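Among the features that Swiss-Prot reports, N-acetylmethionine is placed at Met1. Under the heading phosphoserine, Swiss-Prot lists Ser34, Ser316, Ser383, Ser392, citing similarity to another entry as support. Residues annotated as active site, nucleophile in Swiss-Prot, with similarity to another entry given as evidence: Cys74. What Swiss-Prot records for Cys189, Cys292, Cys301 is S-nitrosocysteine. According to Swiss-Prot, the active site annotation covers Asp278, His280, on the basis of similarity to another entry. Annotated disulfide bond per Swiss-Prot: Cys292-Cys361, in sequence order, evidence recorded as similarity to another entry. Under the heading motif 'LIR', Swiss-Prot lists 388-391, citing similarity to another entry as support.
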Amino acid sequence: MDAATLTYDTLRFAEFEDFPETSEPVWILGRKYSIFTEKDEILSDVASRLWFTYRRNFPAIGGTGPTSDTGWGCMLRCGQMIFAQALVCRHLGRDWRWTQRKRQPDSYFNVLNAFLDRKDSYYSIHQIAQMGVGEGKSIGQWYGPNTVAQVLKKLAVFDTWSSLAVHIAMDNTVVMEEIRRLCRANLPCAGAAALPTDSERHCNGFPAGAEVTNRPSAWRPLVLLIPLRLGLTDINEAYVETLKHCFMMPQSLGVIGGKPNSAHYFIGYVGEELIYLDPHTTQPAVELTDSCFIPDESFHCQHPPSRMGIGELDPSIAVGFFCKTEEDFNDWCQQVKKLSQLGGALPMFELVEQQPSHLACQDVLNLSLDSSDVERLERFFDSEDEDFEILSL
């Protein structure tokens, strides 16, 4: 439990275990590396992911609520990380790399702004926690992978700069026809009146200089999140190889999930170990200067990432993929179909062209779900919460 509530001030990065000397390839979000010849490239790739951890001394959530998420916000932070990776792929590309003390493009700061711990950032801990209240989750209550996915989907509607099509595949089924219809739709931003004013936009996820347009496009970039349960109390070994292959796909956003007492953002694997970013470090909240300069070093993991055995993974997870173009989606579909040919491996989800007749829940496609929709969906996945324990403050 102590390891789950480390503070940034006392954290010794030298204590983190380095990668093992192995001939096994290292897979990080669709990229393959050799530990012998590409160690620096591996660490650079890991350091370039946005790392969101517990924070303290941020503005009170809701004005009178918590000023720290230590002990309860780890799944929310993991949701931020997987969604931030989607925005990085959307605006910077998968091959973009962060370098300490090197000037980054404006789009990078625009993405980072969207996740700062302030009420007017689109995907802030404040927005996620308060949106969760509307879905029956009190502030400080544990979120399972499905719950945080549902909340992020609702928040994405307001992010017209990114213009993402967010689809959450329920019942372990991905329906290609529904996704194509969603991504080809040119829907106006629901709740546009709630967007920040021009004077506010330079300090949040919809900043000055970010191009926002209503011009129609053939395909809105897809964020596909698939909540899954890969066993009762432990992960079924028959899913392990399929899970590994998800990290090999170029469209991979990783996996959110974890083990009892903690949630993690899994970004790859080596051998029989998963590689993950751990949110269980408490850092001071970042304060913006008058010029809105963001001290960003604490948002990047500059030490070897954590690892855990695949068998330790709690079976409740959400797998994420990003398809910027329709060609990306078609390629992803072909790769998923090939997974069925893995000997001795079970598919984690089903890919179908049209919705099966036994699935009648059309509401999951709505960009703006009402509370009854989400409550119905969460009842199906309530079991995901029971296997996690809430960390004490």
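Placement of Cβ uses the backbone N, Cα and C atoms for every residue, glycine included.
Taking the features listed in Swiss-Prot, we show where each one sits on the structure.
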residue: Ser34; record: phosphoserine; Cβ contacts under 8 Å, 6 or more apart: Pro25, Val26
residue: Asp278; record: active site; Cβ contacts under 8 Å, 6 or more apart: Thr53, Ser262, His264, Ser306
residue: Cys301; record: S-nitrosocysteine; Cβ contacts under 8 Å, 6 or more apart: Val46, Ala47, Arg49, Trp51, Leu277
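Note on the residue listed as 'active site, nucleophile': other Cβ atoms within 10 Å of its Cβ, all shown chains, come to 29. Rounded to a whole value, the Cα-Cα separation of Cys74 (active site, nucleophile) and His280 (active site) is 7 Å. Rounded to the nearest whole angstrom, the C-alpha distance between Ser316 (phosphoserine) and His280 (active site) is 19. A sphere of 10 angstroms centred on the C-beta of His280 (active site) encloses 24 other C-beta atoms. A simple way to gauge crowding: the CB of Ser316 (phosphoserine) has 25 other CB atoms within 10 angstroms, across all the protein chains here. In the three-state DSSP assignment, the secondary structure recorded for the residue listed as 'active site, nucleophile' is helix. Per-residue confidence over the motif 'LIR' (388-391) averages 37 (mean pLDDT, predicted model).
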